[in-house]
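Visitor: Take a look at what TrEMBL says about it:
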- 119-236: domain 'Amino acid transporter transmembrane' (DOMAIN)
- 295-554: domain 'Amino acid transporter transmembrane' (DOMAIN)
- 1-32: region 'Disordered' (REGION)
- 120-140: transmembrane segment (TRANSMEM)
- 146-166: transmembrane segment (TRANSMEM)
- 199-219: transmembrane segment (TRANSMEM)
- 289-305: transmembrane segment (TRANSMEM)
- 312-337: transmembrane segment (TRANSMEM)
- 357-378: transmembrane segment (TRANSMEM)
- 390-411: transmembrane segment (TRANSMEM)
- 436-456: transmembrane segment (TRANSMEM)
- 476-500: transmembrane segment (TRANSMEM)
- 506-527: transmembrane segment (TRANSMEM)
- 539-558: transmembrane segment (TRANSMEM)
Amino acid sequence: MENTDSDSTHLLVPEVDPETHPGPGNIQFDPSDLRSKRPFYIEPTNIVSIDDVLQRVSDHASAMNKRIHYYSRLTAPADNALVAPDHVVPGPEECYVYSPLGSAYTLQSCSQGPGKNTSLVTIFMIWNTIMGTSILSIPWGIKQAGFTTGICVIVLMGLLTLYCCYRVVKSRTMISSVDTTTWEYPDVCRHYFGSFGQWSSLLFSLVSLVGAMIVYWVLMSNFLFNTGKFIFNFVHHVNDTDAALSTNDSNPVTCPSAGSGHPDNGSATYGSGPDLQQFEKWWDKSRTVPFYLIGLLLPLLSFKSPSFFSKFNILGTVSIVFLTFLVTVKAVHLGFHLEFHWLTPTEFFVPEIRSKFPQLTGVLTLAFFIHNCIITLLKNNKNQGNNMRDLSIAYMLVTLTYLYIGILVFASFPSPPLSKDCIEQNFLDNFPNSDILSFVARIFLLFQMVTVYPLLGYLARVQLLGQVFGDAYPSIFHVTILNLVIVGAGVSMACLYPNIGGIIRYSGAACGLAFVFFYPSLIYIISLRQEDRLTWPKLIFHVFIIVLGLANLITQFFM
């Protein structure tokens, strides 16, 4: 996710030529009256994009920030008597930006000038921010819901999450008592709910972050295992397509979980020989490979600055484009295999309507999740009047991407001879290790996740340790303990519960309950009530949204 904020325009935007640094990676800031953005205040601990320096904010700047913040509370918001003059505000070199529910991106430059992102760049940023590892589980979610039901659920969830995102964007404008120009959504929650809003925002933000890191560890273990297996098979001329139920053609598709009802967690037994036996002993998906990642990723989590890893974020877009290409090629070669049975399953096909559809809604809650940073992304739009149009177009493109991947994988899955129930929670697992396109896709995704994982860990550290200890890096001991807990959770899940669909739907339903369903609807109800504009239809509709979010979370534990 790309997530930035601005606290004072003149601090962040120096007087330079606006054409100096063109490009979509240069995130811009909303031009507003300088005086309206006072007082300026940034906690020294809340810094995401920093250089490798120990002193993040000077003592003088920190003291001045706190003094200005204190003075601002002595008068009413409309009273300018104690507004800080320009000459006492810290300079741009001591100004950092941070969103409390942050993302894996860092701010590269702010020299292009305020509000210079075009609608096209804004739409692309939102699309790129929303798209993530959830896309690998969309075909499985459609299988769980039924083909027709799955398509309808994706469209409806896209519309529902878009509306809730709209409510998030409009939440600041409904507060007239204070200046909300520089506010992010957690600030809105804190305004309405006090410390409860602040700490609940932190809790659910950590749920989404740690949940994503667990999914990453499971997927990295999967991709590393399959990559090593591909190399071993290639060197030793081993063909493993016969190790599991599969089609017998030039484009084989496998069913690793045939007869087990759960994903394959270990190495399939095929062939013989001492080299093969040793390889299977030391290269097992659930017993050894997850532990090998510790040696690589645990040291990376201890970096004080993740700026190096942010340079590889373009790999996320490359991975999605390549997955789309892979799915298209496979669909062309395999053709479509569909039969419609509305309620009764058959040997090879699932019914169109299944009671397991809440599993798909849980996955989609995270798949459409951008509500914690949408204010920041739209704040940088050149034409603020196009915000809702651009947001709607971005959501439409995300929905179409999910539909394209989900429909093509489900429809082209060869049934018969394989049952549609064989579609895995990670649809790449349905392609054998010898498949070249799948091998390349796994390499792309593995490298992307290795670079993003430390960024997610850094954000979790900033949020948790910064809130508890007032310092994102209180000591190497504190950071190591936190890293061991996060890594331990990932390794445990990769060994005991390597089901990315399950992890995504649980974490998605949990954080979605707060940021997608509960807070946007409740804040809107409170705002209307304060303005005496609350009507029964609006109350019933938004209470219904909250009930849907609660039901979405509860049903995940009964599926």
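Using the three backbone atoms N, Cα and C, a Cβ is placed for every residue, glycine included.
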Visitor: Taking the transmembrane segment (506-527) as the reference, which of 120-140, 312-337, 390-411, 539-558 gives the largest number of Cβ pairs under 8 angstroms?
Guide: 539-558
Visitor: So what's near the transmembrane segment (390-411) in sequence-distant terms, Cβ-Cβ under 8 Å and 6+ beyond its ends?
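Guide: Distal contacts: 119, 122-123, 126-127, 130-131, 135, 138-139, 141-143, 147, 150-151, 154-155, 158, 161-162, 165-166, 169, 320, 323-324, 327-328, 330-331, 336-338, 364, 367-368, 374, 378, 381, 420, 423, 427.
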Visitor: Let me spell it out: take the transmembrane segment (120-140), skip the flanking residues so only those 6+ beyond its ends count, and list any with a Cβ under 8 Å from a Cβ in it.
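Guide: Those are 1-2, 24, 27, 103, 154, 212, 215-216, 219, 316-317, 320, 323, 363-364, 366-370, 373-374, 377-378, 380-381, 386, 390-391, 393-395, 397-398, 401-402, 405-406, 409-410, 413, 423-428, 449, 500-501, 504, 508, in sequence order.
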Visitor: For the transmembrane segment (357-378), which stretch among 199-219, 289-305, 436-456, 539-558 has the most Cβ pairs under 8 A?
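Guide: Selected stretch: 539-558, with the most Cβ pairs under 8 Å.
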Visitor: Report the DSSP secondary-structure composition of the domain 'Amino acid transporter transmembrane' (119-236) as helix, strand and coil residue counts.
Guide: 105 helix, 0 strand, 13 coil
Visitor: Counting Cβ pairs under 8 Å to the transmembrane segment (199-219), which of 289-305, 436-456, 476-500, 539-558 comes out on top?
Guide: 476-500
Visitor: Suppose I define contact as three or more CB-CB distances under 8 A, residues 6 or more apart in sequence; do the transmembrane segment (289-305) and the transmembrane segment (539-558) meet it?
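Guide: No, the transmembrane segment (289-305) does not contact the transmembrane segment (539-558).
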Visitor: So if I exclude everything within five residues of the ends of the transmembrane segment (312-337), which remaining residues of that chain have a CB under 8 angstroms from its CBs? That is, six or more out.
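Guide: Long-range Cβ neighbours of the transmembrane segment (312-337): 2, 104-105, 128, 131-132, 135-136, 250-251, 253, 401, 404-405, 408-409, 411-416, 431, 437-438, 440-441, 444-445, 447-448, 451-452.
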